[in-house]
């Protein structure tokens, strides 16, 4: 099974792709989708343009690596409500790209991911990076956004099957995908 992990962000969205064979994990790819800067030519204020870049970037990653499922971080309510709304829009663009690619999507909180990867939910980003490096036998530390995305893929590899059986992971079925694509939600 191939899992695509997504750590959504409006400026930088991390992605990580992991193959799972039984209990063995194999690193495939990781990186980021950036929505501002020279490569995009977009300014911080161009929200619709940045969301399109994010949608297109996640769509391209899904098409290139052909995952069988995806895991996305659930956002938390920030102190700044405006930041939370912007992050929610970025997450929505990423989720829409995954659903458009007909991928089942599992969702995990940062606390769940950190607990699964490091062993406790209050782990620092550097601890997540180091454990992802060790678990996937990487030669160096991945960037923080890519490490979080790889951590989400690892979390789903270890917990997804068992959690799905007891209904703790929200997954979209193929029938639901078809209904959403057709504009129906009954």
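Cβ coordinates are placed from backbone N, Cα and C, and glycine is handled just like the others.
The active site annotation in Swiss-Prot covers 7 (among others) and rests on sequence analysis. Classification of residue 7 (active site) by DSSP places it within a strand. All protein chains shown were included, and the count of other CB atoms within 10 Å of the CB of residue 7 (active site) stands at 26.
For 7, 145, the entry in Swiss-Prot reads Mg(2+) 1 binding site, with the evidence type sequence analysis.
Sequence-distant contacts of residue 73 (active site), defined by Cβ-Cβ distance under 8 angstroms and a gap of at least six in the same chain, are 6, 7, 8, 91, 107, 108, 109, 110, 113, 148, 152. Here Swiss-Prot flags 73 (among others) as active site, drawing on sequence analysis.
According to Swiss-Prot, the feature Mg(2+) 2 binding site maps to 73, an assignment based on sequence analysis. DSSP gives residue 73 (active site) a strand state.
Residues or ranges marked as active site in Swiss-Prot (evidence: sequence analysis): 145 (among others). Non-local neighbourhood of residue 145 (Mg(2+) 1 binding site): 7, 9, 12, 13, 14, 32, each in the same chain, at least six residues away, with C-beta under 8 Å from its C-beta.
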